[in-house]
Amino acid sequence: MILVSTTSAVPGALSSPSSPSNSSQEELLDDRDPLLVRAELALLSTIFVAVALSNGLVLGALIRRGRRGRWAPMHVFISHLCLADLAVALFQVLPQLAWDATDRFHGPDALCRAVKYLQMVGMYASSYMILAMTLDRHRAICRPMLAYRHGGGARWNRPVLVAWAFSLLLSLPQLFIFAQRDVGNGSGVFDCWARFAEPWGLRAYVTWIALMVFVAPALGIAACQVLIFREIHASLVPGPSERAGRRRRGHRTGSPSEGAHVSAAMAKTVRMTLVIVIVYVLCWAPFFLVQLWAAWDPEAPLERPPFVLLMLLASLNSCTNPWIYASFSSSVSSELRSLLCCAQRHTTHSLGPQDESCATASSSLMKDTPS
């Protein structure tokens, strides 16, 4: 049996994959580096506030807009992405923060298993909701009639349900891997640890999670974005046969204003594609690289401060998700500005140009098309 100590949702963090012996029992019970503990608490607190505040603001803006009419399909996906990221904040970052503050997991075995399960649900849901959103955007652009026939303005649709269902199902192994276990041979100190029946179990499981949470969604997102860009390019830029037909009919192949419009649309698509893929990879890569390093290398520097802090960055992508999609959706960004403006007005209780700008922002939303 392999007993693995962890303060991460993924087994292998902050420990070596070996059972503690009597000689290492005192080492397990020693106090941690106080400076490192403060750094961990500060990092987790910052991430929690950033995730909760950013996703709460964007979700509030979407709910505020939804009260005035039917939600656009993209708004449905952004709202569920915000819910998934809020689940990361509440069920992953917050328990992790309490756990780091107390050093050991204090709670019954059922709570240990539930926390580990919900931590993984948040990781899967955040990644799969982005993938579902990208797949739906690909269908809407490349297969518009199919997208129209299936709708998409409902608060729950098929891709959203599939993303949540896969997140709940793929997280089930956490319930059987983790439990409250003695950290040493009869030490009397218990922690929420993972146990694998075979020596290769830890490496296989961490690799599986890296593939399913990071690698596979990243490849799917990148592939869909490339196909979307190709479809937009093909629809906006006429091909050789179409240009020849226009010349035979005496039509110009394009005007300067048309070319500028095409260039602007393509530039926005390229920017969005690059931002989505690059930010996704940059946010997830450090966490999974150190997780795989810890699982596969017995000599990994598990106690080094950079290594320990990188183990806590599983929720980094949840800080950036709402701002990426809000910035590329004119309706969401306008609603968010209106919400912040009105909140500032109610806070200051002042009347003047600020109220006028708030009212102007609110009224302009009625003419904004969902994007």
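Backbone N, Cα and C define each Cβ position, glycine as well.
Residues annotated as compositional bias 'Low complexity' in Swiss-Prot: 15-24.
Annotation source Swiss-Prot lists compositional bias 'Polar residues' at 357-371.
The N-linked glycosylation site annotation in Swiss-Prot covers N22 (among others).
DSSP assigns N185 (N-linked glycosylation site) to coil in the three-state reduction, placing it in neither a helix nor a strand. The N-linked glycosylation site annotation in Swiss-Prot covers N185 (among others).
Its Cβ taken as reference, C341 (S-palmitoyl cysteine) is surrounded by 17 other Cβ atoms within 10 Å in the chains shown. Feature annotation from Swiss-Prot assigns S-palmitoyl cysteine to C341 (among others); the stated evidence is similarity to another entry.
Look at Swiss-Prot and you will find C342 (among others) tagged as S-palmitoyl cysteine.
Among the features that Swiss-Prot reports, region 'Disordered' is placed at 1-27 (among others).
The feature region 'Disordered' is assigned by Swiss-Prot to 240-259 (among others).
Here Swiss-Prot flags 349-371 (among others) as region 'Disordered'.
The topological domain 'Extracellular' annotation in Swiss-Prot covers 1-38 (among others) and rests on sequence analysis.
According to Swiss-Prot, the topological domain 'Cytoplasmic' annotation covers 64-77 (among others), on the basis of sequence analysis.
Per DSSP, the secondary structure of the topological domain 'Extracellular' (99-113) breaks down as 9 helix, 0 strand, 6 coil. Per Swiss-Prot, the feature topological domain 'Extracellular' maps to 99-113 (among others).
If you look up Swiss-Prot, you'll see 136-159 (among others) marked as topological domain 'Cytoplasmic', on the strength of sequence analysis. Per-residue pLDDT, averaged across the topological domain 'Cytoplasmic' (136-159), gives 69.
Per Swiss-Prot, topological domain 'Extracellular' is recorded for 181-200 (among others).
Annotated topological domain 'Cytoplasmic' per Swiss-Prot: 221-271 (among others), in sequence order, evidence recorded as sequence analysis.
The topological domain 'Extracellular' annotation in Swiss-Prot covers 294-308 (among others).
At the 8 Å Cβ threshold, with sequence separation of at least 6, the transmembrane segment (114-135) comes into contact with the transmembrane segment (309-328) through 3 or more pairs. Residues 8, 10, 12-13, 127, 130, 134, 206-207, 209-210, 213-214, 217-218, 221-222, 225-226, 228-229, 300, 307, 310-311, 313-314, 316-317, 319-320, 324, 328 of the same chain sit 6 or more residues outside the transmembrane segment (272-293) yet have a Cβ under 8 Å from a Cβ within it.
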